[in-house]
Amino acid sequence: MLERFRAAWTKVIAPIAAFFVRHNVSPDVITVVGTLGVVVGAAVCYPQGWLWQGTVIIVLFVFADMVDGQMARSTGRASTWGAFLDSSLDRLGDGAVFGGIALYFIHGAVLDGRQVAFGLETIWTAVTLWALVMGQVTSYVKARAEALGFDAGGGLAARADRLLIILFGALVGGLGVPYVLELAVTALAVMSTLTVFQRIAKVYRQAQHQAPPAEQGPSGAGA
């Protein structure tokens, strides 16, 4: 959903990217630093019950995910290595965010003096982990489909959508609004699951129109 706003975001981050380019900072450095910031913000703050504080830190470093790509494009240094590194570290950052939220339900909410919805800490932890798994599967389905020559983009909840929803829930929940975080993880669990099926169905339709591989005759040893 948020991919339609990419052009607007590009205008915002272009000056930041230009600043780092002028100072000869590598896009890969921005990628690594951004991921480390996200991991620290999530893994340290959320389990301690510091929801809004951790979210502010994460949001600041999430911008690095957009800045590094803009830097690479503006300097003509975009590469398959950079794309691979960025995508791989995205998965690490996502795992830290959702893992931190899961630990919040188990431990951080008590430290925060907050009662989770219906007192079901284990259930909300499981829902959070399900949202994480489905988010990772969503990304895998797209990557695997593209490797096979299919288009599996789109769907109800791309990565940007997932991050926006979970961070919004954590921020508002951390400011004292009850049950917003529980609602966010539930929505993500449902939306991410639907997105997986949407993308699988999209690839299936493309595969039905793909010519079948040519039949091969009997092969030799080792067949």
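Quick reminder: no glycine exception, Cβ is built from N, Cα and C everywhere.
Pulled from TrEMBL, these are the features on record:
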- 25-44: transmembrane segment (TRANSMEM)
- D28, V29, I30, T31, G69, R73, S79: CDP-1,2-diacyl-sn-glycerol binding site (BINDING)
- D65, D86, D90: Mg(2+) 2 binding site (BINDING)
- D65, D68, D86: Mg(2+) 1 binding site (BINDING)
- D90: active site, proton acceptor (ACT_SITE)
- 92-111: transmembrane segment (TRANSMEM)
- 123-141: transmembrane segment (TRANSMEM)
- 162-181: transmembrane segment (TRANSMEM)
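Residue density at D28 (CDP-1,2-diacyl-sn-glycerol binding site): 18 other Cβ atoms are found within 10 A of its Cβ, drawing on all protein chains shown. Using a 10 Å radius centred on the Cβ of S79 (CDP-1,2-diacyl-sn-glycerol binding site) and all shown protein chains, the other Cβ atoms total 12. Packing around T31 (CDP-1,2-diacyl-sn-glycerol binding site) is summarised by its Cβ count: 24 other Cβ atoms lie within 10 angstroms of its Cβ, all protein chains included.
S79 (CDP-1,2-diacyl-sn-glycerol binding site) falls outside any helix or strand according to DSSP and counts as coil. Cα proximity to D68 (Mg(2+) 1 binding site) (within 10 Å) is found for the following binding-site residues from D28, T31, S79, D90: D28, T31. Annotated pair T31 (CDP-1,2-diacyl-sn-glycerol binding site) and D65 (Mg(2+) 2 binding site), C-alpha to C-alpha distance, rounded: 6 Å.
With a 10 A radius on its CB, G69 (CDP-1,2-diacyl-sn-glycerol binding site) counts 20 other CB atoms from all the protein chains. For the transmembrane segment (92-111), the residues of the chain that approach it from at least six positions outside its boundaries are 34-35, 38-39, 42-43, 45-51, 54, 58, 62, 65, 121-122, 124-125, 128-129, 131-132, 135-136, 159, 162-163, 166-167, 170, 181, 185, judged by C-beta separation under 8 angstroms. For the pair S79 (CDP-1,2-diacyl-sn-glycerol binding site) and D90 (Mg(2+) 2 binding site), the Cα-Cα distance reads 17 Å. Residue pairs drawn from D28, V29, I30, T31, G69, R73, S79, the listed CDP-1,2-diacyl-sn-glycerol binders, are separated by up to 15 Å at the Cα level.
The Cβ of V29 (CDP-1,2-diacyl-sn-glycerol binding site) has 13 neighbouring Cβ atoms from other residues within 10 Å, across all protein chains displayed. The Mg(2+) 1 site is set by D65, D68, D86; from the centre of their CB atoms, other residues of the chain with a CB within 8 Å are P27, I30, T31, G34, A64, M66, V67, G69, L89, D90. Counted within 10 Å of its Cβ, the other Cβ atoms near I30 (CDP-1,2-diacyl-sn-glycerol binding site) come to 25, all protein chains included. The most densely surrounded of the binding-site residues D65, D68, D86, D90, judged by C-beta neighbours within 10 angstroms, is D68.
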